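Accompanying notes for the structure given below.
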Amino acid sequence: MHEAKDTSDKPKFTRFISMAAFGNEEKAKALYAFSLPSIDTAVEIPPGTTPSPFASHDRSSKKRAHDGSYSRFQQDERDHRPRKHGRHRSPPPGPDKCFFCLSNPNLSAHMCCSIGDESYLATAKGPLPASDTFAKEGLNFPGHFIIIPLSHAPTVISMGDPTDAESTAVRTYKEMTRFRESLQAMLAKRSEYKLGAVTWEISRGRGIHAHWQLLAAPADIIRKGLVEAAFKVEAENLSYPEFQTTDLTLEKQVEFGDYFRVWVWADDGDSKIKGTSLVMPLDPDSRFDLQLGRRVMGKLLGLESRLVWQNCVQEEEEEKEDVEAFRLAFKEWDFTLT
């Protein structure tokens with residue numbers, strides 16, 4: 001039975017009858033004749049009627065259980081699938097509905113690890129690595145993080161004048177960089193220099209809330225240049241613009257426009273640090289795969305089964321355990337505690 005959404009009290013019915021294929025060898029019934037009464041005719045509820053399974057079960061139970069927490073610390077703000085031509089683009093959500101704003105009432109506050117003056121650090125929902133992926137390297141947590149500005153803005157550069165040292169843009173960029181460098185140092189030291197880090201950023205003027213994702217990665221594949229090669233090959237396969245190896249400072253971003261950036265970093269413990277910044281310029285009107293960073297790193301790390309973050313969402317208790325384990329490991333490098 002389908003419950004009507006209008007003011008009418010008349011229930012609507014859908015009948016499902018299983019029929020055999022026409023001309024089947026068993027000569028089972030393959031035809032059926034219906035007598036359909038007018039919708040205005042009063043009809044008694046047939047015996048055995050059940051509610052429509054599509055009215056209340058249109059999503060998996062696991063996703064329903066996590067709907068509230070999906071609104072924060074997830075890894076994208078909008079998907080990249082093409083919209084139908086002529087379809088009206090809805091306005092971007094405000095801070096109260098933004099996935100990354102602390103003012104959003106649908107908070108997963110237990111995933112917030114450290115809060116600074118201009119930005120904060122959180123663990124990623126549905127992390128690419130599992131909690132034990134880097135166990136041999138000394139991690140007892142996934143090693144997938146999001147560095148998020150407190151200001152609700154699509155890009156860091158849109159927060160203020162990059163030439164003014166006291167502007168929100170400059171202060172935010174410096175603190176986000178400090179979070180990134182602190183995470184890199186922690187991963188290297190805790191893993192005895194077996195792990196480095198890969199950080200990526202999508203900066204687009206029509207975005208919603210700027211953020212960086214940082215992922216632990218084996219230092220050897222970073223030193224061998226495999227991470228850089230993987231991103232370049234994937235960009236070529238998708239007919240994206242070529243990556244440029246450049247240090248894109250905040251001042252340079254004013255003229256550069258939209259971009260996708262990847263920081264690749266590793267330390268061997270002997271003052272030999274490998275750090276590279278790859279930047280791909282983006283056309284403001286072009287479509288871009290918001291999962292590119294996760295997709296490239298998932299393939300490179302052999303984690304293809306975990307490419308879709310929604311399929312990797314943990315139970316809340318597991319998320320809390322990972323956050324607590326990370327906080328203990330990060331305590332020495334957490335500048336917000338001093």
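In case you wondered, yes, glycine gets a Cβ from its N, Cα and C as well.
No curator has checked TrEMBL annotations; they are predicted automatically.
Pulled from TrEMBL:
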REGION    42-95  region 'Disordered'
COMPBIAS  66-80  compositional bias 'Basic and acidic residues'
COMPBIAS  81-90  compositional bias 'Basic residues'
DOMAIN    94-224  domain 'Cwf19-like C-terminal'
DOMAIN    258-336  domain 'Cwf19-like protein C-terminal'
Give the residue counts of the domain 'Cwf19-like protein C-terminal' (258-336) per reduced DSSP state, in the order helix, strand, coil.
36 helix, 18 strand, 25 coil
Pop the mean pLDDT for the domain 'Cwf19-like C-terminal' (94-224) in here, whole number is fine.
95
Mind checking how the domain 'Cwf19-like C-terminal' (94-224) divides into helix, strand and coil residues in DSSP?
37 helix, 31 strand, 63 coil
